[in-house]
Amino acid sequence: MSPLPLHLLWLLLAPLALGLLAWASPPRHSGLVLLVVLPLPLMALWLLLGIEAGPMAGRLTLGPLTLHWRLDGLAALLGLLTQLLLLASALYAVGYARATILGRRAYAWLWPLLGGLGLGLGLIWIAADLLLLYVGLELMGLCAVGMMLLPGSAEALSAGLRYLLFALVGSLTWLLGIALLLGAWGRLDLAGLGAVAQPDPVTQIAVALLASGLLLKAAIVPLHSWLAPVHGSAWTPVSAIHGALVVKASFFILLLLWRLLLPEAIAGAWALGVLGSLAVLWGGVQACRAAGLKQLVAWSTIGQLGYLMLAFPLLAGTSAGVAAMAWQATWVQLAGHALAKAAMFMAAGNLLLSTGAQRLEGLTGTSRRLPLSLMTFGLAAVTIMGLPPSAGFTAKWLWLQASLAAGQWPWVLVLALGTLLSAAYVFRVLRCSFVEDVPEPVFRELPLAMELIALALALAAIGLGLAAAWPLAALAPAGLP
Amino acid sequence: MAPIEAWGLAGLLLLTAGFCLLQRHLWRACLGLVAFALLMALAWLLLGAPWLALAEALLGALLTGGTLLWTLRGRGALPRLAPVDETPQRARSTAPLRWLLILSWLGLAGIALIWLLGVDALTPPASATTLLAATGVLIMGLGLWAFTIQRHLLRRLLAFNLLGSGVFLLLAGLAGPVAEVRGLILVGLVVALLGSILGAVLLLRLHAQAGQITLSGASPAGSGSGP
Amino acid sequence: MTALHLAPQLLAPLLVAALLWPLLLAVRVLLRALIAPERPRAHLDWLWISAPAPALLLALLSAEGSLWLEAWLFGGHWALDEQRRLLLTFTALLWGLSGWYARGYLAGEQTRALAGDQESRSRLLRFALFWPLTLCGNLLLLVAEDIASFYLGFALMTFAAFPLVIHTGTRAARTGGLAYLVMAVLGEGVLLAGLLWAAGSGSALTLSELRTTLATADAGVWMGLLLWLGFGVKAGVIGLHLWLALAHPVAPTPASAVLSGVMIKAGLVGWLSTLPLGMTGVDGSFRELGLAMFWAGLLGAFAAALWGVAQPKPKAVLAYSSVSQMGMITALVALGLLQPDSWPAVGALVVLFAAHHGLTKGALFLGVGISERAPPWPTWLLWSLLTLPALSLSGALGSGLITKWGAKTALDTAGEKTVAFWLSLAAAGTTALMVRALWRQWLERSQANAANGPSLAPMPMAWLLSVLAALGLPFWAGWLTGERAGGDAWPPLSALPALLWPLGLGLLLSCILGWSLRRVAPWLSQRLPAGDLWWPLAAAGRWLGRLIHGLLRRLAAWQAAWVAWWVAREHDGATGLDALTSAEGWLRRQLPVLLLAVAVGLAAVLLLSAKSTPLWPWPVGWPPW
């Protein structure tokens, strides 16, 4: 047990510090951003490589309070993912600011919020303590709401207000659950809680309450309806990081606590799995009928988040082999979807920015004029649809095997339907972009960096499927109890 | 037997909360929130957490209440909100469902409470902590009811604040004012403050831009259904 | 008596020249038409007529031998032997005479073309172009020993003859052309299947190898059946003869002459070169094939005669006579499978029979043209000359008598007296057909002469020569081959009654039937049209076509309805989805309620599913107040 090592502390606080710095003087050149931010993912990578020696853990004493943290392979992996996506988002934001007219103050505010988001996510990944988790969750949530509000339009304000209100209420629900847990077991550190907590009615009620709060924050059907409007009006880099990581942080916490407190609650896990299946179907159907490209991508996020919920039934009370497969599938899907969804949002943003359109019908002629952006969209869609060799395919394959091995065949159906629906909405976009018989809109030139970042992320998502063995190796020993 | 002041405080808390949530006149409702926050500070004092009482008075009463009052005053170039909430109530068709759910929620909280505090909790509460925890559950119920039924965003913010206070009371009543509880409540207060400020500012700007004070008007932006 | 055998080294150049010369002439016609399309040309000049001259020269002068061409197709092997020389001679002769005849026959057309009539010009150009091409194919198949060349020649001849059939462009010509083309394609398909199968299974490249393969292969009889049917289309085997009576009469008379005289023999040549005739040790199943061939041949011989006598058109009668004659030849060929021992004699006879029939039928067809455009000769002379080839075909004169005698002798030697009797009976049918043809020519002479005008100089000359060549076949054929047709080829006087009774019977039958049926004859002619089976088949085909068309139309309607149904369902689906997605607004408005519901529901699931811990931890009825 050691206090927080300095390099970890630096990795946590550097995004916020850099964000505050950028608030003072908003960056205008992506090269500078790259130079300054690049050490962060490198440090995260170094941490991940160093984790093979064994997970780190420690406590931090602040007066009478003791906070617990631990860093295992999963946390390091998610940390690396966070830093990478923060870097991509920051780089993209610089180009975005040059390509569009953004309010100067709004643009300046983006940076500290992005930094705060980074800190909040980092805290969530390493927290081994409900208080630390609470702090991280709230920090992340408030920063995310703030970023969503930056465009300042009436739509953004309305959608952001809804997001704010429900995020706050969700936090209270989760706090209520924590209050019950604290009252019942008298401690907040996860290790201790895991040791003493019994699955009695109080724990069950507490978990139900905090789960509903987290489901709301993770936009799982039927508590998803704040997500699509928020993305419809948000800035592209903000959408990218939000769709990629913010919603998944809540899922991460939920999975962590569920496995800690109610590992054997099969019926509850199935209920969560059913909610996830509904999310897959509802998100897919809505994406198939979405009018705008960003809405389509947002609905696709809702559908894809539903897949993650399949982890609960497949991890609850199943054999070790099934649980291992489901565990690996969950994190591969999370990472692959984070990369691909960020790429997809960026590619969609590029298309919309170039054509000046909002609706899908405005994409006519892009197949010829913006082949790179469209190709990026397609590559990202490969992962979203789960075609080989992407990470999405690896994850779905593992889930499929796990479902069959566990005899939980309904999930097979959900996986198949979800894949069909995702193919349907992706091809809807491609069909619109291959239409040639209407007058072409005026196309705007975009900085090449914006296209390249999106392409790099999409390729990374596919590469993750090809090289899934490495992250899985980092997960396996530490992740499963 | 709980001390009489605890009973009195619980009664006052419930009264203020009810006033704050039922009052359609926004200025009065916000004043009600300030009063409620001050009563909460008293409750913290009663529970033996003076620092928390100070934080409640500062963050809850002064800053949150002040922000909301400032919002109503409409300083700056932004237009003022109407002083009275004129928005219609929610449809009655879902009212039974709402009631059922809120009561179930309270029932859940109650069951948990009884499990934790023992059956003695069903008899007139003996200690201040138990009494305040029960009060917290009731305030939470009020807050939930208001949050689900009301449309005016400022009133929803009020409801959210009361809901939060109810949770804090329950927390403190269950676990006692230990360091973890104080930490959680402190974070919660800061979050509530930040949320209220953010919400209030946004409400003002939304009102200025689109003239709306509810959420329902914003659905077309994201309804997302194509032809 | 030996033929003039020039140096063997002359064989190769002559062989190549024989095949190339018609091609060059065709190219010349084409070039002249292409280079100066507007300048009127007389395509049918003396050079054009000379197309078969090198081939004739080759057949008359050259030695027997063979020519190997490594670079040609799969390795060309062209040969000339005794049988091929005879075939080549009469083929080239008839082609030459018909070409000469055509110069007169088409003189009117040529005049119109020169005068600037576009239709006549294109018709004439087509005729001038395809005539040498057909000839080239015919010659190639005669000299070819390798399968590829043989099939190439056969196909070239078959398809190049199509424009000759439809030359006049009338409705009847188009029908005839259609029948010709349908049956030709059918025949080529069957033939190609048989050739490829046999050649493939035996790795045979030459026709002799093919015969050996057929004799030894397991499925040899099936290959043989395919080959028999494939060549049978050309040779007019009964059932496959449909095109013959339709196409032969409608073609211009010189083309009819070569079609009915020599091209029909290509089928026979095919049988002779591919079927294992006269080979010992062949599979027993070939005997059944032989029986089928034999009965088909006899049936053809009689049925064609019966149907033919009802035809009003002389050329149609002659065409049926061809079917009848080819039926007899088929029956004789079948003996090669049934009685392999007697084949050397029968085989030689078959070739002679073919040559006799080819030349005589050519002379008869050319004579139809002469009767329609009578030269200014005395009527008795003209009609006597016209009767000569008819008598010959009936077996009373010249080559006919010799052939018949040869057949009788050979069959008697082989012990097939019954066959000889039946063939003689068929000859009675031939006689009746000849009488019918001459009678119709006589009846139509004045009408036709009025329409066509007098014949031009080349026509009677060519015809006369063809009559002479046909009648004198035994003499020059013997000279050519240097063997048979000596003095012993002529029948002794004592044998004449046995040879001539079919003639008498035929004449008698003709007189009796002609007189007794004179009233119903026109009616009968109408009921029994030329082409016999073609018409019901065509009607059935049309009915089937209509049926299929109707079915297709109904299918298309079904498909359209199906597509429309699906489009409607898609529309419904989209509407339903939209209705579904509009539920999203409700979800959004009820978000707080849903949050409560999820929390309560999840808690309920968790609490109810955990049976081990009761919700109420104390005994019922406690606390006691």
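Cβ coordinates are placed from backbone N, Cα and C, and glycine is handled just like the others.
Under the heading domain 'NADH:quinone oxidoreductase/Mrp antiporter transmembrane', TrEMBL lists A:127-421.
Marked as transmembrane segment by TrEMBL: A:6-24 (among others).
TrEMBL lists A:31-53 (among others) with the feature transmembrane segment.
Counting residues 6+ beyond its ends, the transmembrane segment (A:73-94) has Cβ neighbours under 8 Å at 11, 15, 27-30, 33-34, 37-38, 40-41, 43-45, 47-48, 51-52, 55, 110-111, 114, 117-118, 121-122, 125-126, 235-238, 240-241, 244-245, 252, 331, 334-335, 338-339, 342, 346, 449-450, 453-454, 456-457, 460, 471, 474-479 in the same chain. Positions annotated as transmembrane segment by TrEMBL: A:73-94 (among others).
According to TrEMBL, the transmembrane segment annotation covers A:106-126 (among others).
Annotation comment: TrEMBL describes A:163-185 (among others) as transmembrane segment.
The feature transmembrane segment is assigned by TrEMBL to A:205-228 (among others). Panel annotation: around the transmembrane segment (A:205-228), residues 137, 141, 159, 162-163, 166-167, 169-178, 180-181, 184, 247-248, 250-251, 253-254, 257-258, 261-262, 265, 268, 272, 275-276, 278-279, 282-283, 286, 290, 295, 298-299, 301-302, 305-306, 309 of the same chain, lying at least six beyond its termini, place a Cβ under 8 Å from a Cβ of the stretch.
What TrEMBL records for A:240-261 (among others) is transmembrane segment.
TrEMBL lists A:267-285 (among others) with the feature transmembrane segment.
Annotation source TrEMBL lists transmembrane segment at A:339-358 (among others).
Under the heading transmembrane segment, TrEMBL lists A:370-388 (among others). With a threshold of 8 Å between CB atoms, the same-chain residues lying at least 6 positions outside the transmembrane segment (A:370-388) that come near it are 300, 304, 336-337, 339-341, 343-344, 346-348, 350-351, 354-355, 395-396, 419, 422-423, 426, 429-430, 433, 443, 446, 451, 454-455, 457-459, 461-462, 465.
The transmembrane segment annotation in TrEMBL covers A:408-427 (among others).
Residues 30, 77, 84-85, 88, 91-92, 94-96, 99, 328, 331-332, 335-337, 339-340, 342-344, 346-347, 349-350, 372-373, 375-376, 379-380, 382-383, 388-394 of the same chain lie 6 or more positions beyond the ends of the transmembrane segment (A:448-473) yet place their CB under 8 Å from a CB of it. Here TrEMBL flags A:448-473 (among others) as transmembrane segment.
Within the chain, the transmembrane segment (A:267-285) has long-range Cβ neighbours (under 8 A, six or more residues past its boundaries) at 204, 207-208, 211, 215, 220-222, 224, 258, 299-310, 312-317, 410-411, 414, 417-418, 420-422, 424-425. Residues of the same chain lying 6 or more positions beyond the ends of the transmembrane segment (A:163-185) and with a Cβ under 8 Å from any Cβ of it are 130, 134, 137-138, 141-142, 144-145, 148, 193, 196-197, 200, 202-203, 205-214, 216-217, 226, 230, 261. Sequence-distant contacts of the transmembrane segment (A:408-427), counting only residues of its own chain at least 6 positions beyond either end whose CB sits under 8 Å from a CB of the stretch, comprise 273, 276-277, 280-281, 284-285, 287-288, 290, 296, 299-300, 303, 306-307, 310, 313-314, 378, 381, 384-386, 396, 399-400. Within its own chain, the transmembrane segment (A:106-126) is flanked in space by residues 8, 11-13, 15-23, 26-27, 69-71, 74-75, 78-79, 82-83, 86, 89-90, 93, 97, 132-133, 135-144, 146-147, 150-152, 235, 237-238, 241, 245-246, 249, 252-253, which lie at least six positions past its ends and keep a Cβ under 8 Å from the stretch.
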